[in-house]
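Trainee: First the structure, then my questions, so here it is.
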Amino acid sequence: MCAAQMPPLAHIFRGTFVHSTWTCPMEVLRDHLLGVSDSGKIVFLEEASQQEKLAKEWCFKPCEIRELSHHEFFMPGLVDTHIHASQYSFAGSSIDLPLLEWLTKYTFPAEHRFQNIDFAEEVYTRVVRRTLKNGTTTACYFATIHTDSSLLLADITDKFGQRAFVGKVCMDLNDTFPEYKETTEESIKETERFVSEMLQKNYSRVKPIVTPRFSLSCSETLMGELGNIAKTRDLHIQSHISENRDEVEAVKNLYPSYKNYTSVYDKNNLLTNKTVMAHGCYLSAEELNVFHERGASIAHCPNSNLSLSSGFLNVLEVLKHEVKIGLGTDVAGGYSYSMLDAIRRAVMVSNILLINKVNEKSLTLKEVFRLATLGGSQALGLDGEIGNFEVGKEFDAILINPKASDSPIDLFYGDFFGDISEAVIQKFLYLGDDRNIEEVYVGGKQVVPFSSSV
C-alpha cells in the first residue's frame, strides 16, 4: 500500500536520461524511471528494475508511465548565462566591426528603438519563443535602458514559462551615441522602480538582475549605487568584463586609479557571489583569484568572441582557478540564439588554444555539455534548483528525438545496439537543432510545443 502523504505525480518517464554531475561530465542513464511531482520537482530517478518498489511508494500504475522510444532521450534544459534580448532584432547580421565600433554603429541605435513598447513586444516575444524552442530553459537577459519595455520582457518570459533573470540596462556615459543614455539619477531611480515592480509581480521563476552595461558606460557614482541596490535587495548582478583589448585599455584610461578592470567592479560592490560577468578573455591570474574569492562567475561567449574578433577565453585556466563558469550565446555579437552553437564553438575555441600550444589539452564535448547545463546553473546560483536530474531539483528538461521528421542527423545501424549509444548523443550535440527538440519542460511544466495561450 502506498504512503498516503506522498504528493501526486505529474509525470513518470521511462527511458534514457543524459546529464552531468560534478564527478562525471556526462552520465548516460539507460532504462531508468524518473518521477516528477505536481510541484515540478524530481522525486525519483532509479533503474527501471525498481518499478514495482517505486509504484508502491508513489502510488502509480504501469499505464501512467510514459515510455520513450529507444532512440529518444531527456537531457537537462540548456542555460544561457548571457543574452541581449533587445539585440535579437539584428541577430545574424552586422558583425563586421570590433566591439566598441560595433556598439556605436549597430547596437546602441538598435536598443534606442525599445522606447517603442510595440516594437519591444514584438522582438521580446520572438526571442523568448525562439530560445525556448531551441532548448534554452533558463536565460539571463539584458534588456535596454527603458524600464517599461524591460518589465514587459519579464512579463513575456513568465507568460511563456521560461526561467530567467531580466535586467534593465544602466548607462550614464555614452559619448559615441548620446541619445542612448540616462542621467545618473535617472538610472538609479529607474533601476529601483524596475526591481520593485518586478518583485511585486511575484513571478515564480523570473527574477530581476542589476545590470550596469560595463565600466565604460557607467560612472563610479552609478556603479557604487547599483552595488548598494544589489547588496540591500540581495540581487544578482550581470555585466561585461575584458571582452577585447581596446576595451580593457579604455577602462584603464577612464579609471586610472584602479588596479585593473576587475577592481573597478570589486571596489563598487559589483563583484559578489551573485555576479555573472560575460567574456573575461583578458583576465589575469590575479583577477581570476579575485573572482574565486568573491564567488563571482564568468559567462563564456565563444561565438561573439570570434564573430567580433575579440579574443579567446581559456576555460581551462578559469577552471584551474576554481571560478564558476557557464556558456552564453551573447546575441547579437554572437549571431546564433542556440546554446548548441555555444557548445560547438566552445569546443572549437579550446581546440584552437591546444593547437597554439596555450594549453596541453582541450575541453572534451562532455565537459562542455556540463558547462551548458550544470555549469550554467551554478554560474547563476541556481545549481541547487536545476542543472541536472538529481532528486529534489526542478524538472527543467528537453526531450531529444534524433529521428524527428526532417532531422539534420542521419543515424546508422551501429548507432544502436538495443539502447541508445553515446554516438547518438554526440551527433545531436554537434549536428542537431530545434527539429530534434520535441518537448521542453520548465519546473515540470511542458512549455514546448507552445500552448494556444501564447
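The backbone N, Cα and C atoms fix where each Cβ goes, glycine too.
Pasting the feature list from Swiss-Prot:
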type: BINDING; residues: His82, His84, His240, Asp330; note: Zn(2+) binding site
type: BINDING; residues: His84, Ala85, Ser86, Gln87, Arg213, Phe214, His240, Ile241, Ser242, Glu243, Asp330; note: substrate binding site
type: MOD_RES; residues: Ser453; note: phosphoserine
Trainee: Fill in the CA-CA distance, Asp330 (Zn(2+) binding site) to Arg213 (substrate binding site), as an integer in Å.
Mentor: 13
Trainee: Which residues, same chain and not among His82, His84, His240, Asp330, have a CB within 8 angstroms of the centroid of the CB atoms at the recorded Zn(2+) site?
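Mentor: Output for this site, in sequence order: Ile83, Phe142, Ala278, His279, Ala299, Cys301, Ser304, Gly328, Val331, Gly333, Gly334.
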Trainee: Given the recorded positions Arg213, Ser242, Ser453, which one's Cα is the least distant from that of His84 (Zn(2+) binding site)?
Mentor: Arg213
Trainee: Looking at Cβ-Cβ distances, which residues of the chain lie under 8 angstroms from Ser86 (substrate binding site) while being 6 or more apart from it?
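Mentor: In sequence order, the residues whose Cβ lies under 8 Å from that of Ser86 (substrate binding site) (at least 6 apart) are Ala110, Glu111, Phe114, Ala120, Val123, Tyr124, Phe142, Ala143, Thr144.
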Trainee: Could you tally the C-beta atoms, other than its own, that fall within 10 angstroms of the C-beta of His84 (Zn(2+) binding site)?
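Mentor: Taking every protein chain into account, the count is 26.
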Trainee: Starting from the Cβ of Arg213 (substrate binding site), draw a 10 Å sphere and report how many other Cβ atoms land inside it.
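Mentor: Its Cβ shell of radius 10 Å holds 23 other Cβ atoms.
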Trainee: For His240 (Zn(2+) binding site), what is the secondary structure state per DSSP, taken as helix, strand or coil?
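Mentor: The three-state answer is strand.
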Trainee: His82 (Zn(2+) binding site): which of the recorded positions Arg213, Ser242, Ser453 is the nearest Cα neighbour?
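Mentor: Comparing Cα positions, the candidate nearest His82 (Zn(2+) binding site) turns out to be Arg213.
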